[in-house]
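Now, the feature entries from TrEMBL:
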- B:24-51: transmembrane segment (TRANSMEM)
- B:92-116: transmembrane segment (TRANSMEM)
- B:93-299: domain 'ABC transmembrane type-1' (DOMAIN)
- B:128-147: transmembrane segment (TRANSMEM)
- B:179-201: transmembrane segment (TRANSMEM)
- B:222-244: transmembrane segment (TRANSMEM)
- B:280-300: transmembrane segment (TRANSMEM)
Amino acid sequence: MSAEIEITGLGKVFGQGAAAFRALSDINLSIGTGEFFTLLGPSGCGKTTLLRVIAGFEAPSMGSLKINGDEVAAKGPNARPVNTVFQNYALFPHMSVAQNIGFGLKMLGKPRAEIDATVAEMLRLVRMEPMAERKPSEISGGQQQRVALARALAPRPRVLLLDEPLSALDLKLRKEMQSELKRLQGETGITFVFVTHDQEEALTMSDRIAVMSAGRILQCGTPHDIYHAPSDRFVADFIGDTNFLTVPVAALDAQGATVTLPGGAQAPARLPEGMRPVTGEEVTAVIRPEQATLAEPGAGDMDGVVETSTFFGTDTHIHLKLADGQGFVLRRQNTADLAAPDPGSTLGIALGAGTLRILKD
Amino acid sequence: MATPPDSATGPDPDPQKESHGWKWLLSAPALLVLLVAASGPLMIVAVYSFLSPGNVGGVEWDFSTEGWFRVFFSRDIFDPENVSWNWANLNVFWRTISLSLQTTLICAVLGFPTAWFIATRPPERRALWLFLITIPFWTNLLIRTFAIQELLRGNGLINTILMATGIIDEPLQLLFSNFAILLGMAYVFLPLMVLPLYAAMDKLDFRLVEAGYDLYASRVRVLWHVILPLVKPGFVAGSILVFIPSIGAYVTPRVLGGGRTMMLGNLIALQFGQGRNWPLGAALAMLLLIIVMAALVFYLRAVNGEEGKRRG
């Protein structure tokens, strides 16, 4: 996969002197052609700023930004083969749906016939043919969303940037648009760079995800990697639910470490690359709630006392208290004849092999 | 909202409706002022325009269309049957319309960047800039206009500087010209263009500007295809606010145009004063009203018609 976007050492500082604010620091990214790439992070993490730098609305303070091999850091948005789907769509209110979609092509100086043909094709692609002559104010939010997509796709950009495009839609419409986006990306083969703060959206849609915090990229990888092998505490906490256990290291070997669990049992734990704790050092070990299973008291890796349990339909979240007082959440798959555990009862917790990981702090 | 069935047959009136019944009384003082101060005099002027002039001003209560006739035509002093176009008046009409249109255009061209500048300042600074725009209103119009006269005079500031720097050898005739009137009116009415334009730009979603750039439009084309259509309501309001007082301007052409370069307002004042022809003055005043109304209707039609075409 060749690199569509190549970002090296990029930074962005707003303001000057004492009021300066580093919105982006040392961003290094390579996004492949045809990839569905997601920038994920909480609000204020710099993901939208990074998107705006790629679009050309903000000039980077340092570093290089290449699109399809061309250095574009100094070029304006109208000189980049990149189009944006804005968070609130930003459709031109004085133009019809068709005029909105044709705007980019018109500005590129394409002949009338070609514009009309492309607009018709785009209307079909986003299933908006009957609405061509309506004004944006005369169509629903979901329809505006589709028009915004069609408008950004019509000039056939190399890269489509999407700035939290689904955040204004209700849940049902959002699910629909998620699959719609995947379909559109498949049909057009255009590289998508998608910004969201919704980890579930990121996990279900992306080929790769960059998790951002405080202007930096913490981890960049496939949804599987990000979920199962989070690089640090922030990523582990931000993506999905996680149990954080503070445990002492019992032994070290070539593959990883052995830690002493609350209650005294020992369990193997994977070590992140480059981390060599000493024996006896307290480290943070993580395990996802669905990676542990219930067992008879004493039969698992550790015991816990049930505090509460919450029924979620497909599964039940059981909150337990471990021997040393640390909390632990376990997610149990439900079946019709499985009753909720009684609060106060003691249960065994079995950790799946290789599921416990030690995190860099 | 569904009406309860009993209230439809019952004698109790809808309380909401009842409260509307007397609330219009609140507008009675304003209506009264309008009736007495605007409609009344307007009727009087309309009636006067169809009467005969009195000898020392005022009117004789004889029906006559001579006032209206004299608006457009003049009679030979020795042979009243010999009628010709009243070119003096027609020239004033033309100058009035032309200068008013030019004033509107100048205000639009100067007002747009000014309003844009204010609208793109940080929100907490905008109030200050708007405040600065309104500062000229603090001083009496007459004084400000005389100040411009001082600038334009033969030995005024502009001529003095130009002569001192050797650009010209003798003073330019700046005062008492169309140029002077235009300068004065554009200066006086500029805030009336800036304020509605600012109001329109304040509502402008700047992401639309970004969307325009993003879709390969240059700055000029973003201005033309995105910004201008969206702030058009501001232009419409500003143009009306500038054009209407321009066409009826009196002080500015009086002070900066002198006795020779008159506008309609001065011509009307002349008939009620030295001219001692109140019916003619009344007819001219009615004509002014007609021009303003016609211009408004024409302008709004043109603006809305374009909208309709786009939609259709």
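Using the three backbone atoms N, Cα and C, a Cβ is placed for every residue, glycine included.
When Cβ distances are compared across the two stretches, the transmembrane segment (B:179-201) makes contact with the transmembrane segment (B:92-116), since 3 or more pairs at least 6 residues apart fall below 8 angstroms. Between the transmembrane segment (B:222-244) and the transmembrane segment (B:280-300), three or more CB pairs separated by 6 or more residues in sequence fall under 8 Å, so the two stretches touch.
Long-range contacts of the transmembrane segment (B:280-300) within the same chain: residues 42, 45-46, 48-49, 53, 66-68, 70-71, 89, 93, 96-97, 236, 239-240, 243-244, 247-248, 264-265, 267-272, each at least 6 residues beyond the stretch ends and with a Cβ under 8 Å from a Cβ of the stretch. Cβ atoms under 8 Å from those of the transmembrane segment (B:128-147) belong to residues 114, 117-118, 121, 184, 187-188, 191, 194-195, 198, 251-252, 255-256 of the same chain, restricted to positions at least 6 beyond its ends.
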